Amino acid sequence: MLKVAIIGATGYTGRELAGILARHPHVQPTYLTSESFAGQRLSDVYPQFRSVVDVTLEKPDMDKVAECDFIFSALPHGLSVDTVPQLVSTGKKVVDLSGDFRLKDGGLYADWYGYEHNQPQLLANSVYGLPEVNRQQIKKADLVANPGCYPTSVLLALKPLLAEGVVDPQDIIVDAKSGVSGAGRSPKLPFHFPECTENFKAYKVAGHQHTPEIEQELAAVAKEQVLVTFTPHLVPMIRGILSTIYLRTSGKLSETEIWSLFEKHYGDEPFIRLLKAPALPETKFVSGSNFCDISLRLEERTGRLIVLSAIDNLMKGAASQAVQNMNLMMGWPEETGLK
Ligand SMILES: NC(=O)C1=CN([C@@H]2O[C@H](COP(=O)(O)OP(=O)(O)OC[C@H]3O[C@@H](n4cnc5c(N)ncnc54)[C@H](OP(=O)(O)O)[C@@H]3O)[C@@H](O)[C@H]2O)C=CC1
Ligand SMILES: CC(=O)N[C@@H](CCC(=O)OP(=O)(O)O)C(=O)O
């Protein structure tokens, strides 16, 4: 069994990682870090881990991290940019779940994340960890930037259409809804139960940090500039993302022909499930899994194509996708420990 470190194991994604790794046949969660709970066991913080992961949490010590075979970092963005370089310098492979190594243009961090990025070399070397797009590069990577939760749901829904050039890349509208666990475990007023329950609201309209990430990765697929209007919403449920995406097609393809493009791109993908009409994606049916469920409708009356996708933000949107990336980086079958 290989030893795995989780930096930030007490957060929601760190917790999911610990659970997946505890069931993985080739690794064990060995070195788990926390600032606030150091000295306690993970199973004290999350009692579901009693007699499953009883590892004592420690403040990060790079010598101990270096004794592990693989490293996950699940710290907030803005903090990872300082910590990940130290993790990479251990010489071990790293998957970072934050947004700090996803944008190739480091200058974008000031506008979208509110800090100046000071690691241009690592930014250039990191590989964007969406296996359905970058599988071959991920296999060779030392640092994988695990995608954001919303971008995962959007990029998987749009990859076949942008790759085939059958939609207008300048006219894409994403209407996405997320459960509250997307905001992490640290208490913040908008996510306090009385504030968000019995409520449904948009947030960060025309300014969400995932917008440049979505545009960057779609442009890489389309091989031209892509513009996206992205509006996220908060739904009073714990987990899950549903994205509804509106597109303009050339008008030449039928729904069946568009569907066949999805089958061409995703026929062999282990974690994409294409739902034929009348089925539509629902967050409940991907909860706790690494699946992304996708469906589409061509509205002939308006000529709009509507694509829908559902993921679990903590799983395909974060922890299980990170393990999918680890499997690729370590040369194991991609589905190991995930199905
Ligand atoms: N939640 C989600 O759906 C998704 C999250 N992500 C990204 O993954 C990363 C982890 O997310 P998530 O698990 O939700 O976050 P949480 O807020 O739940 O957890 C953050 C972790 O970092 C630790 N930490 C260490 N130093 C600090 C600090 N100064 N401030 C706050 N926390 C600190 C926290 O706890 P401790 O104090 O014990 O050390 C905890 O272990 C983030 O970058 C997030 O943006 C990506 C995709 C989806
Ligand atoms: C509901 C909610 O607040 N969701 C988070 C998504 C966080 C995420 O995916 O993390 P990264 O910032 O690492 O990409 C948000 O909108 O910021």
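Each Cβ is built from the backbone N, Cα and C atoms, and glycine gets one as well.
Database features, via TrEMBL:
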DOMAIN    3-141  domain 'Semialdehyde dehydrogenase NAD-binding'
ACT_SITE  C149  active site
Neighbouring C-beta atoms (10 Å sphere around the C-beta of C149 (active site)): 29
Composition by DSSP (helix, strand, coil) of residues within the domain 'Semialdehyde dehydrogenase NAD-binding' (3-141): 54 helix, 25 strand, 60 coil
